[in-house]
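**Q** Reproduced below are the annotations present in Swiss-Prot:
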- 18: active site (ACT_SITE)
- 36: active site (ACT_SITE)
- 3-88: domain 'Acylphosphatase-like' (DOMAIN)
């Protein structure tokens, strides 16, 4: 299992970005979380197969219809201690 931390910036808060990310992550078989950050970005930490992480990254660039994504940064991270994908 691999893990990645994504930081998504743009118009990504108040547009169902976290909930939509959770739906996509669960469909891809990923675990982790999506959280709003004080600077207006959304942090996504996800763990699963490399292919699923790549698919999530591609989706993060699009997001839900009301979102306008300006940037997605990806870094490796430790596998999160969870068996689900949560928002917070």
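Using N, Cα and C of the backbone, Cβ positions are placed for all residues, glycine too.
Could you place the listed features in the three-dimensional structure?
**A** Other Cβ atoms within 10 Å of the Cβ of residue 18 (active site) number 22 in total over all chains.
Residue density at residue 36 (active site): 16 other Cβ atoms are found within 10 A of its Cβ, drawing on all protein chains shown.
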